[in-house]
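Undergrad: Reproduced below are the annotations present in TrEMBL:
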type	residues	note
DOMAIN	69-227	domain 'Glycosyltransferase RgtA/B/C/D-like'
TRANSMEM	12-29	transmembrane segment
TRANSMEM	57-78	transmembrane segment
TRANSMEM	90-109	transmembrane segment
TRANSMEM	115-132	transmembrane segment
TRANSMEM	144-161	transmembrane segment
TRANSMEM	167-193	transmembrane segment
TRANSMEM	213-233	transmembrane segment
TRANSMEM	253-283	transmembrane segment
TRANSMEM	295-312	transmembrane segment
TRANSMEM	318-335	transmembrane segment
TRANSMEM	393-411	transmembrane segment
TRANSMEM	418-440	transmembrane segment
Amino acid sequence: MGIYSEKSIPRWAGVIILIAAFIAIYQPWLLGDRELFRLEGLYAVSATEFDPSMPMVTAHGVAIQNVFPFFPAMASVFQKVLGMPMEFSLRFLSVLMMAATAVIVYFAAASERSYRAGLVAAAMYIGTFLALEKGIEGYPTTTNAFFLLSAQLLFFQFGIRQTNWNAAWIVGSALLAMGFFTGGFLIILYFVFPMFFFRRPLSVKSKFRKPGFPVGVALLAAAVLVWGAPFWLMSHRVPFQYLGWADSTLWDYISEVLLFPVMLPVRLLPWALIAWMPFCVALQALDTTPIFSRYLRTLTFATLALLWLLPQGEPREIFYLLGPLSILVGINYELGIRRYGIKVRKLLVFCEYFTVGLALAVGGICFAPERWLSWFISLNNTLDFRLAPEFRLTALVAVAVLLSLTVFLHYSRKTQPVWLILLTTTAAAGIFYGIVMHPYRAQEEVKREFGTTIRRALDGQPGGTLYKSNILDLYGELFYSGAKVVKLQSLEELPEDQETVYLISTEFPQYPDRSWSNLLPPDYSYRNHRLSLWKGVKRERKAQPAPLI
């Protein structure tokens, strides 16, 4: 056993460091700049149309079976009650749940070992490259992870630690029901699947006979019925079709399985340098809380298996793994550093190289001529954002900060705690993202421009609903139009009592009962698809001639 030890940072200083790093990584003041991207448009429309009396999700008037109500409901509250822009509301909710989960991770590790274990666990949860990239997206995944981890930890606390299995089943199922309202059936799967691998003293086979178990099952069943019954009544379809993976080919699935072992360590950087420590057999023999560690390892392995083997998985779902893994790393950190600290510190030189590389990249991208940059990187957008004097000043400050962090890493690599070095590395990456990647991506406003085009085309026209036909998406684009949108299954669903209707479609409406005129230019296209905004005016029916006698 090695005798290596590192200096300990006071609790108050550690908390301040975590807060500062969190701000540097997530930079909340930037959350609302970028237009809605990918599925954020769907969540934005769902939040706009959310009806508290109907615990299901609709988008453009159609029931959506793979989006669940809690996340759109919270985004709706942020927008309608607090007055936040929708882009900011979605992403702020995601970042807020990152912070809430980090607090849970901190207390779970600190109560089991020491405050330093809590600092390490929280730092790992907020400080991976996965969190930097996916934690700021307006998706419900971080909310899913919050409820899932809360259910897992309280199930252990009440059941295994306090042997109050009635409370364990009821509280765990209640939190799982909230997780269902956020992430659906997959959250239940991630909670239940690890139970098949629990071994004594973690086994729950004999605990199903406790009265709390049927109560917990009833809570989950009630949550499913509250969500599913309105879906059935509204759409007359069973809301379970999305559980299939018909769109995934065998080759796609094999590629995902083969790439996952490479993708996972990259997503966990820079913490992948120490994420393996809790699984070292030599350290497990010295663990002072072996039951909790075994519980977390079982959660980690079972969740890892699901992430690896379930088809069409998203990288952001690694958050379901990151919670238990962060706590596990935190409570085993001191033992791991005592044994492997010297070897780990030799690898920290790459953090130093990485940070100085970020400083050079910021300087080059922000100040080098664009034609030089085109030799090294492919640019889909312009770099005109660099021309603003205030941006150049900010870029100079960022370069100075990154170089200062490089100096800190160089001289502190052998003296400061390993977890602080890793967290500083991620904070440096956050600064790079905020200075370079964010303004580069935020200048793309294709969806906003499309929405503005539709809104201007409708200006001066009689008010009414905008219908869409033969179009599956355009959620984000039509959100920016400000119009109420309803998706049609067929043109026969157009209301007969409206004198004028508006229809966005890819083809001429084959509906002769109305006179159609295009409000957009004849050659208008969006993302290589021809689109038209049709104004349909009801035709006057000609009087039928009287029959001859």
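Cβ coordinates are placed from backbone N, Cα and C, and glycine is handled just like the others.
Curation does not apply to TrEMBL; its annotations are automatic.
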Undergrad: Go through 144-161, 167-193, 213-233, 393-411, 418-440 and flag the stretch with the largest number of C-beta pairs under 8 Å relative to the transmembrane segment (318-335).
TA: 144-161
Undergrad: Run the contact check on the transmembrane segment (115-132) against the transmembrane segment (213-233): 3 or more C-beta pairs under 8 Å, excluding pairs closer than 6 in sequence.
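TA: Not in contact, no.
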Undergrad: Is the number of Cβ-Cβ pairs under 8 Å between the transmembrane segment (253-283) and the transmembrane segment (144-161) three or more, considering only pairs separated by 6 or more positions?
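TA: Judged by the Cβ rule, the two regions do not touch, with the required three close pairs absent.
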Undergrad: Using a Cβ cut-off under 8 Å, which residues of the same chain at least 6 positions beyond either end of the transmembrane segment (167-193) come close to it?
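TA: Same-chain contacts beyond the ends: 55, 66, 68-71, 140-141, 143-144, 147-148, 150-152, 154-155, 157-160, 207, 210, 212-213, 215-217, 219-220, 222-224, 227, 240, 243, 302-303, 305-306, 320.
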Undergrad: Under 8 Å for C-beta pairs, could you tell me which stretch among 57-78, 144-161, 295-312, 393-411, 418-440 has the largest tally with the transmembrane segment (12-29)?
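TA: By the under-8 Å Cβ criterion, the transmembrane segment (12-29) pairs most with 418-440.
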